[in-house]
Each structure stands twice: as structure tokens, then as C-alpha cells.
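Listed in Swiss-Prot for this protein:
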type     : residues                                              : note
BINDING  : Gln87, Gly105, Glu106, Gly107, Lys108, Thr109, Asp512 : ATP binding site
REGION   : 865-908                                               : region 'Disordered'
COMPBIAS : 879-888                                               : compositional bias 'Basic and acidic residues'
BINDING  : Cys892, Cys894, Cys903, His904                        : Zn(2+) binding site
COMPBIAS : 898-908                                               : compositional bias 'Basic residues'
Amino acid sequence: MFGKLLTKVFGSRNDRTLKGLQKVVNKINALEADYEKLTDEQLKAKTAEFRERLAAGASLDSIMAEAFATVREASKRVFEMRHFDVQLLGGMVLDSNRIAEMRTGEGKTLTATLPAYLNALTGKGVHVITVNDYLARRDAENNRPLFEFLGLTVGINVAGLSQQAKKDAYNADITYGTNNEFGFDYLRDNMAFSPQERVQRPLHYALIDEVDSILIDEARTPLIISGAAEDSSELYIKINTLIPNLIRQDKEDSEEYVGEGDYSIDEKAKQVHFTERGQEKVENLLIERGMLAEGDSLYSAANISLLHHVNAALRAHTLFERDVDYIVQDGEVIIVDEHTGRTMPGRRWSEGLHQAVEAKEGVRIQNENQTLASITFQNYFRQYEKLAGMTGTADTEAFEFQHIYGLDTVVVPTNRPMVRKDMADLVYLTANEKYQAIIKDIKDCRERGQPVLVGTVSIEQSELLARLMVKEKIPHQVLNAKFHEKEAEIVAQAGRTGAVTIATNMAGRGTDIVLGGNWNMEIEALENPTAEQKAKIKADWQERHDAVVAAGGLHILGTERHESRRIDNQLRGRAGRQGDAGSSRFYLSMEDSLMRIFASDRVSGMMKKLGMEEGEAIEHPWVSRAIENAQRKVEARNFDIRKQLLEFDDVANDQRQVVYAQRNELMDAESIEDTIKNIQDDVISAVIDQYIPPQSVEELWDVPGLEQRLQQEFMLKLPIQEWLDKEDDLHEETLRERIITSWSDAYKAKEEMVGAPVLRQFEKAVMLQTLDGLWKEHLAAMDHLRQGIHLRGYAQKNPKQEYKRESFELFQQLLSTLKHDVISVLSKVQVQAQSDVEEMEARRREEDAKIQRDYQHAAAEALVGGDDGSDEMMAHTPMIRDGDKVGRNDPCPCGSGRKYKQCHGKLS
């Protein structure tokens, strides 16, 4: 109450922010008359003038008003479009590391030109990031004339470009592209073998369109570059035949499980678990098929791989539904994005789930993949010096943007008042009653000439509605993942008189629905249209537009509430753009997923008290509030999952940053001779310590073992026992020095034989290849650790703390093994000439060419520890050498010259 009173008196935080920015808008408006008088050449010269001022020490804020005024004037001349004041406000929000919520149709694409131009003046590059290639190309080509008029270059970064084309795109002042491609390029750059192979510049300013889709919906999806692992397709096929023999355990309204079953499904958590009976049944079936030894347990350490396959098959059959979660097209399983309804060709679920779904559908099973590099969008985008985003729906997720990314959300007012009428939800008892009511509403709208957009949550639902409309002889268009190519055309004409369009989630469609249809697309369809043809098309459109407005504008009809209020708001936001008339309503039933899982008890109780009859709907603010509360619960749960994922990934991210920084230093260095010298002493000393323990008596020394190890691993054939027998004054320290000196002498002899330049190049190649191989193994070990870490909770241990501790131990092993393996390889390999190094490089490039790039969907539970009954024995551990660890005061293995505790040891 008191808070509301304060807001009334002082205004909300959002109002105060906008009030402060309005002063700059007034400055820009004051400059408009002067800028209109400038010639084209004088206006273009402003870019060079701004760059000179920045070079002389001026800040971006000090030139913002003039820069925005320049872009506004250039836009008037190039596009005949003038930025509204609200677009100037949006541009300022985007320049200040914030998120601008701008409603659909308010011109986000034109708004983005303001901060993009301003930040491009620094010469460090601006990345404008969209959700798909079509939008990236469209926005780049649409805005190119404006930026080129002002003397800036524009690049497009999409999949399939050559290395040089990518370099050119990144070297442009402003680069348009998709979030996936920017993330993949970052990973590929950190797998490069020479500075020339890198394409990205340091990450400066990212401006993300549909920011909620990329930073929130995609936050649980890591980008993964992977190579094919061993083929186990036969095992997937065999295990797939087991699952139909299993029975689901029933549950009653009380949520208590009753009856005997083999597995239970937790719909809220999207998890499936074997019951004790199910576990026994699966083990017996496996024994019958000769896949498990008699008396053996599926949960024993030796059968972890088998358990992994069984769990994947069970999840594929019980949690993933055809035409909802995926479609089968041309013999391939293609994922459907639950948030946008789009198909995602090339993406695959990880953890063997995709292969299990392929076995279930009887299509060709592709190999499992081994992770070579990965990063989450959360950690990729947090690396940018400046980050901003825009969307039509951000306010519901404002807390998450602030908490995870440190980005405040500012709601930018619309240019014209919003007059859309949002009606209360109608709730029916059954889905059949709901669909009948929807058909009736559509018929009513068509009678008065009002266009209708029907939003569905799945392809299956859109096809069911389409069949009902065919039966009722209602002409309609279907827009779902299966009809991707026609998308822009269908959306463009969805606002025509009486048009009916069925669409799976409209998020990120990128094309506005114009009342009366899109007349620009009609003109573009003609070859060299005359002025008369253009005028006629415009006049016809105006007539249709007026008729649609008179009929009530676009009517949005939702067939089910989504888990997220934001995606419901995106659907609603398709109507009422730029002050147009419009309306929206959601039709629900007690059989809908959200209602059944989260809101059923309370709403069912209301319906029973009211004595609902068949075909009757309940419409009450209490019901809408109960549904909204259910959505809040789901949103809070999803936020917790994303937050937990980030906490786990932050551990890996610290290590990733260290390894990638190390690689870049290695690549950029002329020579790593000093690094090799620093680590050789550590490695040889560590091996000596294992056979001659420090400060120990001679009786405890294993001299024959040391001689053998030095010869096997470092090609050092030394008569250590002979030295000790002949020289009484030879003690532990002097012996250590002599062995290390012997290695140095042998290495110097190798250098004299092949030449210093060849050996220096070989050292770099060996260090990089060894680091990459160990990093790949380390990622696999981290994956296994993460999958089983949740079980530590049963032992009263904090899984996060355990994960941090064990992952750091794994990282220490990585650094230790890196030192050892590099010195061992350099000792053993005989380099004859430059051609040997070139041959090694050629082999490495051949291997690189075999790597397939996969964008994998890792289910959240796979990332933060699944519930598959696996345990710590699952963790793959690299080769461990006793006593071969890095001491806190030892030189850091990265070769920086600093002590380990002051360098990479800080990770602890």
C-alpha cells in the first residue's frame, strides 16, 4: 500500500529513467532543423568527425545526441522514415547496457540503427544478433543502404561461409548474424591452430533482437562442437524393443501412486523413474536377450553404459512425443523448439536421447557424439564489453535479466496508445468442448470480416484444428514448423478481411501482421511496377484496411496457455500494433497440460461448485488469476533450473577461460622455448620424486625403476646406479640436477640437429595438440561428473561444493598431465626437418575436417545431474600419476613465469 503511494507521488523507476532520457531526446529534436539544412556530403562527413572526437578522448555519451540526430536525418533521406521520439528513447536504453521492451510494430529494427551506428564509431565492431538466418539477412540488407550512406560497412555472419568470408563479416563495422553462429565461431576460434585461422575480433558490443528468446529460452541449451564417437546403433535398436513391455504406474487425484507399474512419470519435472518392479523386469529382459549376465545388476559399475541406453530409451518413449517435441522428415528426427514452434534442423539432443528417439521411430541411427568444445549462451554473452537487447515482452523476466546478466529492463512507451481488447479466459471441462467453442468464435469473426490468428502450442494441435476447419468448410492457412518456407508470405497476408491463420507459437516470426494485408509484398511481387500500379495496390489495401478496422481489427485466439506468460503475451502482441484495433482471448480446458498439472484442483473445485454443464464455460477473474499463479510457479521453477545450470557451468567456465587464454597466448607467441624450459624441470623432478622420495634414506630409493621410467618416457638412458656406486658424494639434490642437465643436453643436441626455427614450431604444435586432446578428455570427465553429482546429496554432501572440489582436482590433473605429456613427446619424437612439422599439421587439419559440428540440446537434468541411478563410478578419470601434482609455490604450468598459486592456481 505504502509502496503504491510512493509510486504515485514520485513515479515508478521506469518513469524516472524515461524522464531522464527525455532530456536527450529534446536535444536531438533541437538539432533536427540544422541537420535538415546539411548537404548529403556534409551529413556523411559527420562519421569522420565523430571518430576524430572519440580518438581525441571524447566519450560516446558526449556525442550521442549528435550521432542520433545524424542517423535520424540519414534515415529520412535514405528510407523516407523518421525515427519517432519513442524510438530515440529505445536507442538510448540500448546504448546503456539495458533491455528495451518495445511492443510489436513499434519499429525495433529501425531503433537498433541508432545504438549500432553510435557504437560502431569506436571501430571495435558491433554484433546485431537475431534468432535465425532469414532475419539476419533481411535486417542487414534492409539497413545496409543507411549505414553505407553514413560510411560504415555491414557484414552478414551465417552458417556455411568460408573462413575469409567470415573474417570479412567480422571486420565490418556492423555484423548481423544469429546467436548460434556467433557462439560457434567463438568455439572454433578457440580450437584454431594459428592466429590466421581466427575470425572474431575481441567481443565489444552485442545488440540482441528477441533477447528473451536468446538469453532465457535458449539459456538451458549449450552450444557443443562434437566429433562422432563409437557406433552403438545396434544396442539402441535392441533396447528399444524392451520398452513396450513396460507398464506405467497409475496415479489418482490424490497424487499418491497406486497399482503396480514399472515406471512412474513426474510431469512437473519432466522426469521418468523406474520402480523396483520395473528395475527387476528390465534386468530379466536383458538377461533373456543375453545382454546382461545372470545374477548381474544393471546398476553395477560395469553396466553403466547399458543403464545409460535403457534410461535414454525410456525417456524417448515416455517423455518425447512425435509432432509435439519433434517431427520425422525425410527419414530424420528433427527437434521442434517448444518456445517458437520452429523446427531446428542440425540440432540433436545429447546424452544418447536423440539416438533413442531415432530407434523408436525406426529411422537410421546416427552416431553418438563426443564433446570437443562447449559453452552456454549465458557465458558467451556475458563476455561482451557491452550487452543490450530488445523484445516485445521482457518485463515478466526483468528479475532474471538483472540477476543473471546485470541488465535492467526499461519499458519504452508506444508511439500511439494501445487499444487492443484483452478478454478474460474461457475454461471448459473437456478439450472437445473447447475446440467447438473456438470453431464457433472463428465463424462469428468471418461473418463480420474480422481476420483471426489462432495460436497453438504444438504442431499436433494445429493439425487437429486444421482438420476441424476442413470439416466445417472454413478456408484457412496453417503456419507451423512443417511449412517453414511459406512463413513470411502467410504472415504478411494474415491481416486480410476474414483471413484465418493457424500458427504454432508466434515468437520470433519477425514479420508484422498488417491489417488488410501487406501491400509492400504485393508491390515486390511485380517486376518493375509503374507508379499507377503502385497507387492502385495502395488504394485497394486502404479499402481492405478500413474494412478490417471496422470489423474490430485482428482477433487473437489462443487454444492453450503456455507455461510462460511471456509467450502468451507475444501471441497477444500480434494484434493492436501501432494503435490498431484488435482483440484477444484464450480458450482453455481442464485437459490442457498446464491446467492438468498445475491448476487442476483449485479450478476443478470452482467448476464443481458452480455446477457446470457440458458446453458451458467458466469466465471469472479468479480463474485467470489461478492460471497466472500456475504460470508463475512454472516460470520460477524454470528460473531455478537456469540458475542452477549457470552455477554449474560457471565452474567449467572459469576453467574454459584459463585454457582458452592459454591457447591464445601459445598461438600468438613467437616462441615457447621459455615455457618448455620452465616445465621440463617440474616434470623430471616429479618423476624423480616418485622413485627417490625427497629427504629419504638411500635404502628407500627405487633406482632401477627410475632408470627404466626415464628411458621409456624421456629417451634418457642414464647409468644412475653406476654413478651412485662410484661417487660417494652424490646425494639426492646433485643427482636431481645431473638428471635434469642430461635431459637439457639431449634436447640441445636435438635442436642443433634440426635447427632452432623447426624445433620452436614443433614445440608449439605439440603443446597445442596435447592441450586440445587433454581438454577434450577433461570435458568428457566433467560431463560424467556432473551427471552423477546429484547423488552426493544422499550422503548429506552439498552437490555444488562437491562438483567444484572434484572439478578443480580434475583441472589440476589436466595441467599436470599436460606438462608431463609435452615433455615426453618432445623427448621421444625425432624431428628430421621442417617437412615433419608440416606433415603433423596436415594430419591435424585432416582430423579437423572430420569433425562434425552439432548444436546439441542438453536436457537441463543432464547438465545439472540427471536422475538415472548412476553413481560416482561413472566418472571417467584421466590417467593419474601418484605424486605428479602441481605445488602451490611451483612455477605455473602455463609458462607465465609466475607461481602457480598466483596464476592458474587462483581457480581454487
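Glycine too: its Cβ is placed from the backbone N, Cα and C atoms.
Recorded features from Swiss-Prot, shown on the structure.
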residue	record	Cβ neighbours (10 Å)
Gln87	ATP binding site	27
Gly105	ATP binding site	21
Glu106	ATP binding site	24
Gly107	ATP binding site	18
Lys108	ATP binding site	21
Thr109	ATP binding site	16
Asp512	ATP binding site	17
Listed in sequence order, residues not in Gln87, Gly105, Glu106, Gly107, Lys108, Thr109, Asp512 with Cβ within 8 Å of the centre of the ATP site Cβ atoms = Met102, Thr104, Leu110, Thr111
Glu106 (ATP binding site) falls, by three-state DSSP, under coil
Listed ATP-binding residues Gln87, Gly105, Glu106, Gly107, Lys108, Thr109, Asp512 - what's their greatest C-alpha to C-alpha distance in Å?
-> 17
Under a three-state DSSP reduction, the secondary structure at Gln87 (ATP binding site) is helix
Which state, by DSSP, holds Asp512 (ATP binding site): helix, strand or coil?
-> coil
